[in-house]
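Step one of this worksheet: look at the structure below.
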Amino acid sequence: MKTLAVMSGKGGVGKSTIAANLAALISKEHKVGILDTDFHGPTIPKILDIEEEALLTTPDGEIEPVKYNENLQAVSIDLMQQEEDQPTIWRGPLKMKVIKEFSNEIHWDESTEYLIIDLPPGTGDEPLSVAQEFQGIDGAIIVTTPQDVALKSVRKSVNFAKRIDLEVIGVIQNMNKLKCPNCGEEIKIFGSGGGVEMSKELDIPFLGSLPLDPEIMQSGEKGKPFVEEDTKLKESMETIFNNVKDILGEKNK
Ligand SMILES: Nc1ncnc2c1ncn2[C@@H]1O[C@H](COP(=O)(O)OP(=O)(O)OP(=O)(O)O)[C@@H](O)[C@H]1O
């Protein structure tokens, strides 16, 4: 099983949206699991429209993931039975316990080929614990937007990954441009090229980009991944996944 951690140096850059859509895309051809470890903003169940489901326990006491489709299984803090709309108010030790459980006690389908872990944003205790607890992560995918602040936080993420010996597979630039719905002009709201330049500067592969697109936001709201509905956006995710596969292939040579 190839395990990929999706991370970002700051919140709100589209990390969970990309993790969920990557998993949904992969599920068209492979068995895949997605693990949402974002304790305070678990959004994967909403993006996949499985919010009403709950995690069950197998007779052996393992966590039984929730199915999005035949090939995609999901586990999230949000699927642990809690009262709706209640914030997760857990202190560090309890979070550590759950992270440990997630790393050892999930009953993923035996033929699962990919595991996508949506890490909490930032470079603090939580992403650190997840990264350390999960042995054998094949690499990290860093999501950023072209803003300076976001790029600064990517540099931090790259250094964070290096410190804990987590290989960086590459960077995805999200919200790189907006197409005007009236005239079709492409507007680079957050500046241009930042992700590409930064990947050169930091010597990490550039995996691809996604536009700032109301379709993407709406797909998250209605719980239908955009790779199921929008051909162009699906192609962008395919480019990203092909680049990831190439890099993983190179690594294994
Ligand atoms: N390319 C995009 N175009 C339009 N909206 C987007 C795009 N990417 C993400 N969004 C929207 O931005 C919001 C934040 O996205 P998301 O929850 O994926 O970010 P995140 O980085 O995982 O945040 P956090 O880690 O802080 O929870 C969501 O409403 C999502 O639908």
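In case you wondered, yes, glycine gets a Cβ from its N, Cα and C as well.
Marked as ATP binding site by TrEMBL: Gly9, Lys10, Gly11, Gly12, Val13, Gly14, Lys15, Ser16. The Cβ neighbour count for Lys10 (ATP binding site), using a 10 Å radius and every protein chain shown, is 20.
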Intrachain C-beta neighbours of Gly9 (ATP binding site), sequence separation six or more, cut-off 8 angstroms: Pro121, Gly122, Thr123, Ile142, Thr144, Ala150, Lys152, Ser153, Val154, Arg155, Lys156, Ser157, Phe160
Cβ under 6 Å from ligand 1: qualifying binding-site residues of Gly9, Gly14, Lys15: Gly14, Lys15
Those binding-site residues listed as Gly11, Gly12, Gly14, and which of them has the most Cβ atoms within 10 Å of its own Cβ: Gly14
